[in-house]
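Okay, structure first, notes after.
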Amino acid sequence: MFQGSIVAIVTPFKNGAVDEEKLRELVEFQIENGTDAIVPCGTTGESSTLSYVEHDRVIQVVVEQVNKRVPVIAGTGSNSTHEAIEITQHAKELGADGALLVTPYYNKPSQEGLFRHYKAVADAVALPQILYNVPGRTGVNLLPETVARLSVHQNIVAIKEATGSLQQASEVLALCGDKIDVLSGDDFITLPIMAAGGKGVISVTANIMPKEVSSLVDAFNAGNMEEARRLHLYLLKISNAMFIESNPVPVKAAVSLMGKCSSEVRLPLAPLMEANLAKLTAIMKEYKLI
């Protein structure tokens, strides 16, 4: 259902507030450059430091600006199941086409707890939902066996697999078959995951190089493996640079260097350290982005 190059879009700020004008411009930049779907309020969108009102407004602005040209998949995860249901319902009411739900963080539920959490949200809200597994940030790993149990639910359509493990993504594919789509959550293994049967990527790098990320996915889907491999290797350095510090600090700095919005992040995130900013600037010059 949700396939291709999907951007986890940044949330631009200006003097502490959401910069709606720049957000709309970023949406246009994505659509003009071939992005297949947009995820507002994900990790890259700093959802954890948005108020409930801001969270809803960011989704609303993106839905309005997209105007049905591509799917909008709203980040609606929470470590409270009740809250996740409420946020997902709000996203549906605002016109989102789907929801991306990160595994509950900090409270470290068991696999049974994870299963019940996701099932409860999927039972409560009739909206296509993407599981989001990123144990490096949440402290819990959604195992392939649990994904397989969830994959039979009609409202659970995909998983963003961001363990960085090709083995785990492959195990999900082996266990679930065509019952659920697997999307890479790490730009640097998009091509390997697609080669194993994945359907695309939810990308950080696409914030600054949407055309190239989209072209990689399109080349693979067209059977042009030589071009897909070339783009995969070409994008490795810039994709790795997006994690020179915690996401989304580097990508926001990169977008700012391109003149598209402020690099402003919200505490407890801090601006990119000067030494890392110098490294990022040099890499972006190599790619002729600035």
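Any Cβ shown, glycine's included, is placed from N, Cα and C.
These features come from Swiss-Prot:
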ACT_SITE  Tyr132  active site, proton donor/acceptor
ACT_SITE  Lys160  active site, schiff-base intermediate with substrate
BINDING   Thr44, Ile202  pyruvate binding site
SITE      Thr43  site 'Part of a proton relay during catalysis'
SITE      Tyr106  site 'Part of a proton relay during catalysis'
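This view paints the features noted in Swiss-Prot onto the structure.
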residue	record	DSSP class
Thr43	site 'Part of a proton relay during catalysis'	coil
Tyr106	site 'Part of a proton relay during catalysis'	coil
Tyr132	active site, proton donor/acceptor	strand
Lys160	active site, schiff-base intermediate with substrate	strand
Ile202	pyruvate binding site	strand
#### Entry: Protein Cβ atoms within 10 Å of Thr44 (pyruvate binding site), excluding its own
24
### Message
Of Thr43, Tyr106, Tyr132, Lys160, which is closest to Ile202 (pyruvate binding site) if I measure between C-alpha atoms? They're all recorded positions.
### Response
Lys160
### Summary
argmin Cα dist to Tyr106 (site 'Part of a proton relay during catalysis') over the recorded positions Thr44, Tyr132, Lys160 returns Tyr132
## Note on the structure
When the recorded positions Thr43, Tyr106, Lys160 are compared by other Cβ atoms within 10 Å, fewest goes to Tyr106
### Candidate recorded positions Thr43, Thr44, Tyr132, pick with smallest Cα gap to Lys160 (active site, schiff-base intermediate with substrate)
Tyr132
